[in-house]
Each structure stands twice: as C-alpha cells, then as structure tokens.
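Feature annotations, reproduced from Swiss-Prot:
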- Asp87, Gly107, Ser138, Asn139, Gly221, Glu222, Gln223: carbohydrate binding site (BINDING)
- Glu129, Asp131, Asp142, His147: Mn(2+) binding site (BINDING)
- Asp131, Phe133, Asn139, Asp142: Ca(2+) binding site (BINDING)
- Asn119: N-linked glycosylation site (CARBOHYD)
Amino acid sequence: SDSLSFSFINFDQDERNVIAQGDARLSGNNILQLTRTDSDGTPVRSTVGRILYSAQVRLWEKSTNRVANFQTQFSFFLESPLSNPADGIAFFIAPPDTAIPSGSAGGLLGLFSPKTAQNESANQVLAVEFDTFYAQNSNTWDPNYPHIGIDVNSIKSAKTVRWERREGVTLNVLVTYNPSTKTLDVVATYPDGQRYDLSVVVDVTTVLPEWVRVGFSAASGEQFQTHNLESWSFTSTLLYTAQKE
C-alpha cells in the first residue's frame, strides 16, 4: 500500500504487531523494555534488544519516482544505578530482514557489526540515536558528551547535538522526513520544555531499499541502564517528487 499508519499509546502484553529481537520484552506495566534486567528489575551488562513493527513500510517506489513522507513520535525513559550509564537507544529504519549483528552490544547499539560499523558502503540503516556513553578510549567515533545523533549507514553520526540524559524522565521525540527537501528532522523535548533539535539532508533512496521495517534498538556493555519505550506512533505516505536529473 502507498501509506501506513499505526499507533501504540502504550504496549500491552499481547502486542501482535511487534517483532521482538534479542532481549526486548513487554514488561507488565505497558512498557516495552528493550534491554534485559534481572529479577528485581536492575539492568544488566552486555544486552541487546530490538523491536520492529511487523508490517513492512514502502519507503520509496522506483517505478513512479515516489518517496515516502514519514513522521514518527515516541517517548522513552532510561534508568540506572550507575553514574555513567550505557549505552543508548535508537529509532531505526532498515531492510525488512534486518537482524541483530553479532558483537553489536555496547556502543554499537545493536545496529552495527564491529567490523563494518564505520564502513558506509557495508550498511543499510538510518537511525536516530540517544547515546549516553561516550568514553573516548572505547567509543572513538562519539563526541565527548551525551548526545543525540543521526546515523546514516555508520555508527559515526552524520550530525550530533549535545543532550542531557535525565534519570527516569520521559523524553518525547518527533522525527519527520520530507522527501522534497530530503531532510530528516529530529525534535526531542523533556516535560519542562528543554528542547533539542537537529536535522540532516539525506536521500533515503541511496541508503535503503524500497521496502523497509521500522523499529527501535538498545544496548548495554560494561555499563548499563534500562531502555524503556512508552509509546510510539508512525505514519508514512508515498509522494511524487521532482524527476531526477
């Protein structure tokens, strides 16, 4: 179909439209926990979890030169007993058969293989990451502070903005893609109005196949935190764009 729209006000136990990968699971309180916790709810080391929406999304259509105009809204919060919690959560778009790469725990956020994490020609993923861990000795590709980043086929973000991780506080995020300007815009806000903006110009037809899946990924390495998705809505519609030169 030319358009797709869905909305989760929260996540109940019987969520048939979600494909869970790795350690992701629905917790009893209508929250989707992307990374593993022990029996008393404390986050653990070396965990990766992802979820995908079951239906595929038509991102573009070569035969008609149409490209999707899409918008997604989601909210999440992070919790950890540590002073330097890790690693982060990302909204991502990838080919429909996408799976967790081997060795992608920790700073690779469940999205990239260690061998090809910065080799753009080896990847097909567009992601918006919320990265809380930035040790320069290990995550050499990161800026030296917590950040929001837009990743285009690489763990080294195309654009980043400094971000404040707030323990247990919900961050609301809006991501939009405009195919006529080829702009991906991210706006993230905390309840008190603190706001973060970033955008990048990206032609999705050069990054991803015509059909994709959309979802979330999160990971922890030696340091840890919970990655809790509270709500998620997504809508996309194919639009005619100007003929390519």
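Just so you know, the numbers here start at 1 and follow the chain as drawn.
Glycine is treated like the rest: Cβ placed from N, Cα and C.
Annotation for the binding-site residues Asp87, Asp142: lowest Cβ count within 10 Å of the residue's own Cβ, Asp142. Cβ neighbours within 10 Å of Gly221 (carbohydrate binding site), excluding its own Cβ and spanning all shown chains: 19. Comparing the Cα of Gln223 (carbohydrate binding site) with the Cα of every entry in Asn119, Asp131, Phe133, Asp142, His147, these being the recorded positions, the smallest distance points to Phe133. Around Phe133 (Ca(2+) binding site), the same-chain residues at least 6 positions away in sequence with a Cβ under 8 Å from its Cβ are Asn84, Pro85, Ala86, Asp87, Gly88, Gly106, Gly107, Asn139, Asp142, Pro146, Gly221, Gln223. Apart from the site residues Asp131, Phe133, Asn139, Asp142, the chain places the Cβ of Ala86, Asp87, Gly88, Gly107, Thr132, Tyr134, Ala135, Trp141, His147 no farther than 8 Å from the centroid of the site's Cβ atoms, the recorded Ca(2+) location. For His147 (Mn(2+) binding site), other Cβ atoms within 10 Å of its Cβ number 22.
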